[in-house]
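For reference, TrEMBL has these:
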- B:31-49: transmembrane segment (TRANSMEM)
- B:61-79: transmembrane segment (TRANSMEM)
- B:86-103: transmembrane segment (TRANSMEM)
- B:109-129: transmembrane segment (TRANSMEM)
- B:141-159: transmembrane segment (TRANSMEM)
- B:179-202: transmembrane segment (TRANSMEM)
- B:233-251: transmembrane segment (TRANSMEM)
- B:263-281: transmembrane segment (TRANSMEM)
- B:288-307: transmembrane segment (TRANSMEM)
- B:313-333: transmembrane segment (TRANSMEM)
Ligand SMILES: Nc1ncnc2c1ncn2[C@@H]1O[C@H](COP(=O)(O)OP(=O)(O)OP(=O)(O)O)[C@@H](O)[C@H]1O
Ligand SMILES: Nc1ncnc2c1ncn2[C@@H]1O[C@H](COP(=O)(O)OP(=O)(O)OP(=O)(O)O)[C@@H](O)[C@H]1O
Ligand SMILES: [Mg+2]
Ligand SMILES: [Mg+2]
């Protein structure tokens, strides 16, 4: 293996990039350089700014400051088309397909092969798509519409799209999150051959085995900035993880010890076709039960099924011995269940409505006098709860969209805490929020548990799971694969249950 | 690589190709459904009154359909990009009146020039709509509802109370309105040529495919680097230009033009497009479907008087047809989506 | 750094709170009324005020439920046809000897049923409301003609029809103003001061988040369509009595005027934004502008152009303002951020 | 059918509330303000009436205004009636879009002292001072069926292409035609195939003509008592195989029909002069406003060059029988 970095100039170099969305700072002085012929891993916690960084490379975001060089020449992308023209191909974290177009067209949109008269040569386009799919080892029909493709197949189309560009720089944001083993192997084979042909590859993943299998160098990001860049051979996974987190974890998880009370939430044999099957567990008063697992294991679906925002096929949910009707969130709320959803922007907030409205939406009936919401009851309630959660805002009448991500999360928490739940379900309660806020949220969960609330916490962050939970339920592929007590739980034991690799 | 992965694979392999034939069948079935309704309608009408299938009757229907067809073609392009153009009726009126006026003032103007003028007037209106929508970020419905009023007001201004009669226009132009080659009227030929061109544009040119992409997912279109502004402007200009051309044909066919030409036509055109299977939120549908929808609505409005059916039922039938068409479309789509979801899922 | 950015964001918002379109439209309306009263001859007379109220009554009534529906992100283009159909039904019932006291509530029920049909297609089947209500626009108008043909029924009792155009005692206050104010107050209360109003805004602002907060979005929309139909039925009765003429083509084309007035009042066609006072101002502005222009002998052509332009400007203006503000804010931020690396 | 106006007819008839006494020898007052409200502006027919009316008003030394909605609906007309009565206009000359819907606002206008004269299309006799009828309904109906009968040799199938079916005048004429066919022995061999409505829209009338011809293959004649309808029908026939075989007659303007008379599609049609109608409306209105007449039956007044007119039953002033136009005389007219 040649010495890194090799003598030549990097294919892509980003230096001093910063980017804010409103008051959320996603990147601060971030840098990366990727060389031709290398596969470069980019790792970091959720919200570290990885996706934002690659969106800048892709021309989808314009950095607030910083310079971008391609082959040593400074460039400024006016849009994704410019990045594409400069030879950068991107697979985004979320598939961005056109559901109404065929699979082949999705791959070649804007650069379909043409006949002499400028007409699109569909036959050739389909042939070329088939060749790509063969290369990836996936039997997708090129002329089927993208609508209805599974997440995995959508991801395959995205990969095919990126590969077909014959790009000099290939950027992949968690391309494997939804893929199965064969597809991942093929993807890696293709990627290696591209790399060996001189392409620069940037690879983002939360799976370290993949990073080890594919990459030559690794850059670690934390809080929007680069922490380190090393040859993978020179560092251990442990070191990388420490750099990702960057702090002593103890302070982050102020877990109080609580004696568990009676069973409050009882979930029995819950199933939904295509999402999860036969999920059963109990949660006691004062207990924090974590639902751990890989992304896509179906944890969100389970808690949404419990709360009733999604229909379920079979199984029952009881709160305090009382059975909840399926697909009826109102009944769940009446029984004392609260769900803080995982995607606060899509599921949690009315972004263009005021903080007051957001914070009191779930309590609108109880706050009314004689059916009318007058006399400032909503404002008082919003003031009280945002105050308790130390939310920072301009004025309560401002739209929720103006808040920083962490404060948005607090508003969603406030909305549900205000209902005085007996069962509090939090799905990724700290996703995308900063360390300080994280600690606050954890303190809050802990003290709620101390007050006798039964808490279900879905989290993809292992330290959070380990630091906060009394019990850990691990899900894999829609089923509960095991349960660990606080004492037995280690990163390894949880990961083993989550991935199914038997080691113990 | 992992156990997890292998398990998934064993189940996930079958997903891929099943959807294609299923969806294709459904799509074909839709067009087929329209054809069947059309055929049944023609058969019943002809059985009651054989004259319905006479040469002159068919010619009349084709003539009547030609203008609707033209406007539906333009509307389809706009709707595909997730827009709508409610001003087409007003644009048609403006173009019809201006062209007729031009011809009555200058009888020497040749027909192609007149057509270009109408086309140009429409294109300018379309450009205005497109600019308001794209640069002003005004929702298409609001923008074109506004220009529906504005353009009609302009027609009123231009026309005042005057009416341009057949006798004011050059005979050559009027003859063109009813003339035919090999028994086929010119007007329908023009519409069919335009239809064919737009159909080829939409299905075989990159810019045409971009229209679908824009309507299918604006976010993905942005990431894919599709020039949204240029495409949207193209769509509205095309729609306006075709409405303008429709105005010229209107003047030629009816010979009498006043300020009310094309009044309230927009809803008929939207209806034709929707019945023809074009999704009102963009991304899917074809001009051929829309043409079929336009043709079906024209045949209905021509067949019902021939059938001696109370003409008042006509509007109700058209309305029921619109709701029915989109409802059936949705039910079929839901079925397909559901079966694809179950087949496509890896878990369970 | 980030604190500073936050404060600027707030200042920007501070500005925008006072520049929201519904506030602007109310101010514009008041200013216009003052201007018209002082400088348009005959505009300020009490009789003209009466005429104005009668003229805008149907638009205002239909705009009330329309506002709620548009705030949820849907639309109902069939309202005017519903007015026509209930008017026809009223004529048919009256001709067959049904007493008016029975007819009037029945018409409201008919309207509600027609609204329920819209609601069913929109919520149960999830069809786009624009397409559905274009369809029922044609369907209901067609059925109106099927019922009554091109004939008119005109022999309604004088007492009823003169009530609709009459005034309270000797005052110039039209009788219909009372129910109008009551209904407007009711709708304003529902939208702005009652829990269901919060649910309406939530549904239009973010359907998914509304569902996650336990709001039955589909059910809510369904009942809004029913309400819209019922109000249209009421307007059908009013229209018929006011013109003493039950006809299938009553209120033809009124749907676009109603939508225009609602949008003018600052309601976003995408849902989640708007106020009822703004809409009331929109209705009053549209109608009084037309009234004043007519009194000033401006041609009906000009009225059409003014209506359309108002509609476009009402959306364009805040957009442009917003963009200008955005640019300014970015400039400001640039100056506060340390210069980017070379 | 269907319209039930009887209940109002027995309240009382003719002009009622004016207790002023007519002074037949008085002069037309000068300085009167008159407003003409057509069914809709942008209609050439009313434009012709208005031009002639404006000249007369000028001669009488009054103010004249031509205003109205751009859509021909009763509700928009109400707004304009309200507007002109607000403006204190002395006389409203109105062609009504609906016989009943305008009554309340007309009554309010009259209560404020405005004279209401309808022309071309009437409202309830209660709600106006006088109606200037283009022609006697009977005379129009009779002329129409007579022309049709002449052109088809006294026997055959006839269809009617009307405007909208609640246009008061259209229905009155159609009633007369139907009655004539049933009762007049001259028309015993004529059969009425049906009535189609073209809504006074060119395109619709065009399609309805086509529908009529297909629904009734042995149709011999079409009567279209509306200027829009007859022009559309003529246009259809002139380019169809049935040109010359199916007779077409009705009410049309010479300018619109000249072409079709020349090419043989149409033999003869009729109409009154809309300009004269406008003039007479002005004179009638001014006469009432000047107290020359009150609108009661039997009163007479002089309408300038048009000559002397007598107010008939229900306050109707009739212009005269319609003029017939054919190849011989059509070039003498220009409107
Ligand atoms: N469009 C946006 N508007 C506002 N904030 C945003 C936007 N996109 C990203 N952010 C915020 O920027 C921060 C960095 O987000 P980014 O998506 O880059 O993280 P990431 O490292 O890709 O995380 P993950 O591992 O979860 O994908 C987060 O706090 C996120 O909430
Ligand atoms: N929109 C969708 N269409 C098809 N399949 C989906 C969709 N969303 C999720 N899935 C599938 O449902 C399963 C469960 O996803 P879910 O988001 O519930 O996982 P999770 O365990 O909550 O993960 P995380 O919250 O970390 O993203 C996955 O197999 C995923 O591929
Ligand atoms: Mg990311
Ligand atoms: Mg999840």
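For all residues, glycine too, the Cβ spot is worked out from N, Cα and C.
Counting C-beta pairs under 8 angstroms (sequence separation of 6 or more), the transmembrane segment (B:179-202) fails to reach the transmembrane segment (B:263-281), with fewer than 3 such pairs.
Beyond its flanks by at least six residues, the transmembrane segment (B:263-281) meets 30-31, 34, 68, 71-72, 75-76, 79-80, 82, 84-90, 92-93, 148, 152, 215, 289-294, 296-297, 318, 321-322, 325-326, 329 of its own chain at Cβ-Cβ distances under 8 Å. Remote same-chain partners of the transmembrane segment (B:233-251), defined as residues 6 or more beyond its termini with a Cβ less than 8 Å from a stretch Cβ, comprise 66-67, 70-71, 73-75, 77-78, 80-81, 83, 85, 87-89, 91-100, 103, 114-115, 117-131, 133-134, 164, 169, 173, 177, 187, 190-191, 194, 198, 207, 211, 257, 261-262.
If one looks beyond the transmembrane segment (B:61-79) by at least 6 residues along the same chain, the residues whose Cβ comes under 8 Å of a Cβ in the stretch are 85, 88, 92, 140, 178, 184-185, 187-188, 190-192, 194-195, 198, 202, 211, 215, 235-236, 238-243, 245-246, 249-250, 253, 265, 268-270, 272-273, 276, 278-280, 282, 285-287, 290-291, 293-295, 297-299, 301-302. Through the fold, the transmembrane segment (B:288-307) approaches residues 30-31, 34-35, 37-38, 41-42, 44-45, 48-49, 51-52, 57, 60-61, 64-65, 68-69, 71-73, 75-76, 195, 199, 268-269, 271-278, 313-314, 317-318, 321, 325 of its own chain, all at least 6 residues removed from its boundaries and within a Cβ separation under 8 Å.
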